[in-house]
Amino acid sequence: MLPDSPRHAPLPGLTHAGDSPGARSSHGEMQLAPLPFYRKLCYAIGGAPYQMTGNALGFFLQIFLLDVVQLEAFHSSLILFLGRAWDAVTDPTVGFLVSKSPRRRLGKLIPWIVSSTPFGVVFYCLVWSTPSDAMPVSLKFLWYLTTYCFFQTSMTCYHVPYSSLTMFLGGNQRDRDSATAYRMGVEVFSTLVGSGIQGQIVGRYHTSMMKSCSVPNGTLYNSTALGLTDTLENTRRAYVIASVVLGSLYCMACLILFLGVKEQPGPLSPLGKTQLPFFHSLRLILGHQPYAWLLCGFLFMSLAFQIAQGIFAFFCTHAAGLAGKFQHLVLIMLVVASLSIPFWQWFLVRFGKKTAVFVGLSLIIPALIVITLVSHNFLVFVFMVVLAGCSLAVLYLLPWSMLPDAVDDFRLKNPNYLNLEAFFYSFYVFFNKFAGGLSLGISTMSLHFAGYRASDCTHNPSVILTLRILMAPVPITLLLIAMTIFCFYPIDEERRKQMRVEMEAAGHWVKNGNPG
């Protein structure tokens, strides 16, 4: 275990200007060894499971519970909301437990990631399995609530230490931003893979279910009920197959991360055990102003995107007349988001991170407005999801690129409080998951009060109106709130340059063994 004070032995990954010719800066100061490409790539691949499973759940869990399992909207919303409320306990708790963990032979964070993976894969597959129709509704409710909560816990034990690895990859501030861009590029690509696999496997069965629906007065003909039952069973089987495929990719990504990444302590990150109690740590990080502003802005931004994401399949199926095409639109949006990551990385380096947030979030607003006003026009939807995909890339890249700056600012202002990085990241992960659960809870409860019923082939005007409101006015309002909050975020490019100088000075101080 490494000590909590930076006054002890020199840390790996640091070089001094006198150590080698290549280590000398223009001012003769200490420089950090550059971060190798393979480590960036292996680190980035490790983020795939969270996005693959999270986006498959985000796009398809709601329609799975309502149309495939055929739970009532009220029960579905309770499962989604209570599952994310459970994360209110597990995310900060796991973050604190990781902070209290000793550094072992494999590191401090990697053992958490590896040991949680088998449980995450098993419970992910169980979430998409369907109990017997003879099972009482109350037991079905408990089945999905339990498996969903256990999966969320397993994913928390994976993702909180994984996201904290950003601070322990080695390299300097620019290397870390570059590694974050690699990570976000792979994560967006993994959402494409996850949603693509899930969508292509189950999408055609949802189309078959809609075709089996004859609509006299919005109900089923008795003559088609048996055919619809067969189609329903095929759809359920397709969801299980998709979950097994994604579970296999989950394991492969974890293995690549384990083999390719080694934790590297930094000048103010000795990878030791924090000695602070839980609530003291909580007060410290939530009381740090840049982190608090960033957390609030991230919450509203994430909530806006996830409400639109969670309702998109429903909107295309029941309001836009594109029941058999929504999975293709999802793929197009994610491809564009993946290809946009390098542009936004260049943009934030050239114009600054705050500017990138305002420009990027603004792009999706006209797209959402047009989507709600147009129906039965696939080409228009394609153009709009391209615009939305550009904006989605900002959601993936910028918050996670800005978080290390807030953590650095805290460490420079509070040099005696070390090893709290996992706690910072755990609340960030929690607010992202909480936004997802809250968004699904809001949308399903809204559909419940609007009178949505899974057995109906057509829906009353109040259901269609609810879908339109959830698709544009609600997300746009939340985005405007997020942009207002980011106006008050205090870390601009000038402050980042100042922090870079201070971090180099801190590393130089440690390297030379000066007393703290």
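Using N, Cα and C of the backbone, Cβ positions are placed for all residues, glycine too.
Keep in mind the model is a prediction, meaning the values are calculated, not measured.
Per TrEMBL, the feature region 'Disordered' maps to 1-27. TrEMBL lists 109-129, 141-160, 238-261, 291-317, 329-349, 355-374, 381-402, 422-442, 463-491 with the feature transmembrane segment.
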Are there residues at least six beyond either end of the transmembrane segment (109-129) with Cβ under 8 Å to its Cβ atoms? List them, or say none.
46, 49, 53, 57, 61, 64, 94, 98, 101, 144, 147-148, 150-151, 154-155, 157-158, 160-162, 164-165, 168, 239-240, 242-244, 246-247, 250-251, 254, 257-258, 261, 263, 422
Would you kindly list the residues that approach the transmembrane segment (381-402) from elsewhere in its chain, counting only those six or more residues past its ends and only Cβ-Cβ distances under 8 Å?
163, 166, 177, 180-181, 183-184, 187-188, 294, 297-298, 301-302, 305, 316, 320, 322, 325, 329-330, 332-338, 340-341, 343-345, 348, 353, 356-357, 359-364, 366-368, 370-371, 374, 428, 489, 491
Cβ pairs under 8 Å only, please: of the recorded stretches 238-261, 291-317, 355-374, 422-442, 463-491, which one is richest in them relative to the transmembrane segment (141-160)?
422-442
Sequence-remote partners of the transmembrane segment (463-491) [C-beta within less than 8 Å, at least six residues beyond its ends]
289-290, 293-294, 296-301, 303-305, 307-308, 311-312, 314-315, 318-319, 354, 357-358, 361-362, 364-365, 368-369, 371-372, 402, 405-406, 409, 442-443, 446-447, 450-452, 499
